[in-house]
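When I checked TrEMBL for this same protein, it listed these features:
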type	residues	note
BINDING	R97, R107, R135, D226	substrate binding site
BINDING	D226, D250, D254	Mg(2+) binding site
DOMAIN	5-360	domain 'Isopropylmalate dehydrogenase-like'
SITE	Y142	site 'Important for catalysis'
SITE	K193	site 'Important for catalysis'
Amino acid sequence: MTAKKLLILPGDGIGQEVMVQVRRIIDWMGKKRNISFDITEGLIGGSAYDVHGTPLADETLADAMSADAVLLGAVGGPKWDDLPFDKKPERGLLKIRKEMGLFANLRPATVFDALVDASTLKADVVQGLDIMIVRELTGGLYFGQPRGIETLPNGERKGVNTLTYTTSEIQRIGRAAFDLARKRNKKLCSVDKANVLECTVLWREEMIKLQQTEYQDVELTHMYVDNAAMQLVRNPKQFDVMVTENMFGDILSDCAAMLTGSLGMLPSASLGAADANGNRKALYEPVHGSAPDIQGKDIANPLATILSFSMCLRYSFNMDAEADMIENAVKAVLKGGLRTADIMAPGKAKVSTSVMGESIIRELEKLA
Ligand SMILES: NC(=O)c1ccc[n+]([C@@H]2O[C@H](COP(=O)([O-])OP(=O)(O)OC[C@H]3O[C@@H](n4cnc5c(N)ncnc54)[C@H](O)[C@@H]3O)[C@@H](O)[C@H]2O)c1
Ligand SMILES: CC(C)[C@H](C(=O)O)[C@@H](O)C(=O)O
Ligand SMILES: [Mg+2]
């Protein structure tokens, strides 16, 4: 079997620190499981700007387009905050998502039993939680035209972003979410703001049509986004799969992260359309950012990125056994009481990023 092509883009800040821990797992898989990948490492975000003068060089994009999967850390940081808009690290991330056609961003929020106490919510609210947020990733308010800042004739300045979706964009993300719901508990909640925004009136109409024509076995409900944010904190277990607009999904997924204990726990998969062979372009990344406030201290939680790699093994490389091993190793380490600072609790042992990574390898040794 030819080795799968994996492009690794650590990015900036703690993105680089957490990716070191994934590289350890990859090395371990090579030595102990005889599984090797054809790995290219590249730059994205501020670190790409520093070298190439752009947050995503054409060669890096070409590597991403020809890879079987991309694994990304995080981008951004204060060093690059004052750059012109199109040079900012975040533009590199938006560009790679758009160019690769990664319209479906899956953000699972699962509460590990050992971490029930790490959430700021009461244990019975989050225990056993397993929800999937499906965020539309290449349209909506992030990409709609017109956008920008203009100066009006009267000298005032005007900022513009536009929320747009076409029916085909809504249908493809709708199908992705319905398909996932069908494999889970067959409940889909479509989150919109149809009481105010026409674009999401269309969103709701299309979701209803899809349910009636193709997914009658899945229960479809609708919720306004403000209520959904509240319900996620009040009673998150009412949800199975949620599907929503790009920016709504960005916000709701950070909110869902705290149900699991920390933003440092939430992985994600961004997927494109299936080709004739059923293969999809795919990028895996933690939900969190480059966390400049804790950068360089060896205290970041690497588990969201490690779990993103496990999603990569499962969704892109058909390596379910290895994905299970990694997830079981994470559970075992947490059960054993090891915690990075963000999920620390009384009576547990606080460990660094690197010790967390080493501990995962030790557990993998036991499971192999
Ligand atoms: N996907 C991405 O690359 C991505 C996502 C979000 C933010 N960003 C960028 O990151 C920079 C910082 O943004 P922010 O502070 O709003 O969001 P952030 O996600 O970087 O951090 C928010 C808070 O969560 C903490 N945190 C995040 N990840 C953690 C981890 N793995 N372990 C422990 N604690 C963790 C941080 O210390 C911080 O207090 C900005 O430049 C932003 O644009 C990038
Ligand atoms: C950094 C930023 C562009 C990004 C987003 O808004 O999509 C981030 O917040 C995320 O959630 O991946
Ligand atoms: Mg975000």
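Just so you know, glycine gets a Cβ as well, placed from its N, Cα and C.
Predicted automatically and left uncurated, TrEMBL annotations should be read as such.
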Mind looking up the mean pLDDT for the domain 'Isopropylmalate dehydrogenase-like' (5-360) in the predicted model?
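Taking every residue in the domain 'Isopropylmalate dehydrogenase-like' (5-360) and averaging pLDDT yields 97.
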Please work out the number of neighbouring Cβ atoms within 10 Å of the Cβ of Y142 (site 'Important for catalysis'), leaving out its own Cβ.
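The Cβ of Y142 (site 'Important for catalysis') has 18 Cβ neighbours within 10 Å.
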Using all protein chains in view, find how many other C-beta atoms are within 10 Å of the C-beta of R97 (substrate binding site).
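By my count, 22.
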Comparing the recorded positions R135, K193, which residue's C-beta has the most other C-beta atoms within 10 angstroms in this structure?
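Highest number of other Cβ atoms within 10 Å: R135.
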How many angstrom lie between the most widely spaced Cα atoms of the substrate binders R97, R107, R135, D226?
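Value for the max Cα separation, rounded to a whole number: 26 Å.
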Within 10 Å of the Cβ of R107 (substrate binding site), how many other Cβ atoms can be counted across all chains shown?
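Around R107 (substrate binding site), other Cβ atoms within 10 Å: 24.
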Closest to R97 (substrate binding site): which of the recorded positions Y142, D250, D254, going by Cα position?
Y142
Are any of the recorded positions R97, Y142, D226, D250 near ligand 2, with a Cβ under 6 Å from it, and if so which?
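By the Cβ criterion, which requires under 6 Å to ligand 2, the hits are D250.
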As a check: which entries in R97, Y142, D226, D250, the recorded positions, place their Cβ less than 6 Å from an atom of ligand 3?
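Those recorded positions that pass the cut-off, since their Cβ is under 6 Å from ligand 3, are D250.
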When the Cα of D254 (Mg(2+) binding site) is compared with the Cα of each of the recorded positions R107, R135, Y142, K193, D226, which one is closest?
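It is R107, whose Cα lies nearest.
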Among the binding-site residues D226, D250, point out the residue whose Cβ has the most other Cβ atoms within 10 Å, with all shown protein chains included in the count.
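Counting every other Cβ within 10 Å of each candidate, the maximum falls on D250.
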